[in-house]
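Below you'll find the structure, written out as structure tokens, and then a few comments.
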Amino acid sequence: MGNMRSLVKTLMVVLFLGWILVWIMISTNLFKSKWTPKLSKYLNTTYFGPQGTNLVLLTVPMMFIAVLSCVYLHIQKKPTQPQREWKLKRIMGRVIMVMNPLGIVTATELTFSLLFVALLAWSLYNYLYLSYHVHLHNDDNAKIWQAKFRAFGLRIGYVGNICWAFLFFPVTRASTILPLVGLTSESSIKYHIWLGHVSNFCFLVHTVVFLIYWAMINKLMETFAWNPTYVPNLAGTIAMVIGIAMWVTSLPSFRRKKFEIFFYTHHLYGLYIVFYVIHVGDSWFCMILPNIFLFFIDRYLRFLQSTKRSRLVSARILPSDNLELTFSKTPGLHYTPTSILFLHVPSISKIQWHPFTITSSSNLEKDTLSVVIRRQGSWTQKLYTHLSSSIDSLEVSTEGPYGPNSFDVSRHNSLILVSGGSGITPFISVIRELISQSQNKSTKLPDVLLVCSFKHYHDLAFLDLIFPLDMSASDISRLNLRIEAYITREDKKPETTDDHRLLQTKWFKPQPLDSPISPVLGPNNFLWLGVVILSSFVMFLLLIGIVTRYYIYPVDHNTGSIYNFSYRGLWDMFLGSACIFISSSVVFLWRKKQNKEGDKEFKNQVQSVEFQTPTSSPGSWFHGHERELESVPYQSIVQATSVHFGSKPNLKKILLEAEGSEDVGVMVCGPRKMRHEVAKICSSGLAKNLHFEAISFNW
């Protein structure tokens, strides 16, 4: 198995290096004058037409990397990283700088960012060199400086297209590409944002330059021209208008204040892609096709998963007015700590989906999955109101879980978890995973220090969620956990506690259409996902070959100047979408049929379960004095916790005191200021053994 893994990895590296080499060379005069004529002779066949070269050089390698990555990740389900690889990962994951607006930048991020910027600068330089010194396009008989001005606008649009070749990789939730470099879709959203800013800037400059150029030569109406055999300018204008709307509403100042406008506007991306492809044509579309193709496979599979209703078992309303929802799941569904689950409640919004942190462990809780929801914003407020009312069921759809492909919580000698407010939720799943690993006596567990900050005393109810209710003393006896809790806005413990602050649990009636959350194509079924990617892409190649050879070629004869320019791009989009729809649907339905027996067994179990009425349980030990003292989970929490009032944690002191240990893992989740403070401490010269990792809820 190790040899197979090495072989697959080598093939992926070779394909990727070749793909990058093409991107480096494609802007050069050597590629344009020497390579292109030879490549076109063999690759621009009657079956693929003018798009053949880009299809073979820039689409095929990345699609096969995606297929091979499915095989690689399937082999690596239980990873055993060599010590050399692990040391390299630590070095490349070290924080290099902490600064706004980039945030926390690691060595890996800085390296790849500099290389990507170098690629953009290299490409722009070579494109301009071609225009200014080799062949200056001047069909309008404009002045030389005007023609050069136009060339600059055209070439910077080409640079924006390079950004689009990577734009959708970070937001493909069940991506098989991101795990290869240790990333998840949630942690990669910032790269999507950076690429979006750069590409929109390039396209805006491209548009403005052409508007000025056309105004200078008295052809401003070219903005609305739609040439049937050449680039349709109107399509580009429409795409730019949509792009500006998406860009403006995605800016942090706008997005955080008016999230729903941002959310709905961002769903115009489909329309943006359509007009963009019509504008640039099929050949240029093939340059960016892999990330769009993989994104839409992921998007359609997510849609298929979301059509099922998930079985909501119970809801706990915490004294802090936050919620814990528990769903039923099949034992075969596995996920890693710090994973997230997307929720959709049709009675609140027909189209909105929101991500929430999973607090359970799939190795500890085989049949249930829990998420914690902070009451913040209109959607969560409506959900809280629904659950607080006298309902006995709630229709919920889920999507996910999504998280790291691997997460070895016991890889460090000691572990420091720093959280602020609801940032504690990812660490609940980490601690529960450690409890699961503690059942294996041969596993060495790290010492765990949880440093958590809350605004108010009642927020300590989050600590009630750390241990499952059915834990015994033997289950947690090997876990060395210490909790330092800080209450920043209160100087002492409140003398009285209102009744409404008690922890309440509500149980829901099972409904006939409810199903447990089950594995879908992706992290739990990499090979089946590989089948979808391979079959849909091969089908696309076959269909585009048939259409080109027997429908387009008899009209155009590979001249590129007779058959409608826009139709070529539309054919690519239509056939690609059809292949994704057919292949994904067939494989998904096949997998659904295989899981049908498990669903039947689940429904039989559900029908035999007696419905429990809503209860106001004794509540948190912080608030409900009626809590039974012999309750093992809460007794353990009390013994492990020290509460500090009216102060914030001295993170520098805490972290540097622990730095003397041989290997200390530091994870932080909370406000930006807290994350940046911890990152600066871990990256300072005083801390050599602190290995930093951040989790963020906002972007």
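For all residues, glycine too, the Cβ spot is worked out from N, Cα and C.
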State whether, in Swiss-Prot, ARG549 is on the same side of the membrane as ARG94.
no
Sequence-remote contacts (6 or more beyond its ends) of the transmembrane segment (10-29), Cβ cut-off under 8 Å?
35, 57-58, 61-62, 64-65, 68-69, 72, 119, 122-124, 126-127, 129-130, 134, 158, 162, 165, 180
Which sequence positions outside the topological domain 'Lumenal' (549-568), separated from its termini by at least 6 residues, show Cβ-Cβ distances below 8 Å to it?
44, 46-47, 49-51, 226-232, 235, 278, 281-282
Take the topological domain 'Lumenal' (290-311) and find every residue of the same chain, 6 or more past its ends, with a Cβ under 8 Å from one of its Cβ atoms.
58-59, 62-63, 66, 164-169, 171-175, 177, 273, 327-328, 344, 353, 395-399, 510-511, 513-517, 520-522, 529, 532-533, 536-537, 540, 576-577, 580-581, 584-585, 588, 602, 606
Using a Cβ-Cβ cut-off of under 8 Å, list the residues of the same chain that are 6+ residues beyond the ends of the topological domain 'Lumenal' (30-54) and lie near it.
130, 134, 282-287, 544-546, 548-549, 552-553, 556, 558, 560, 568, 572
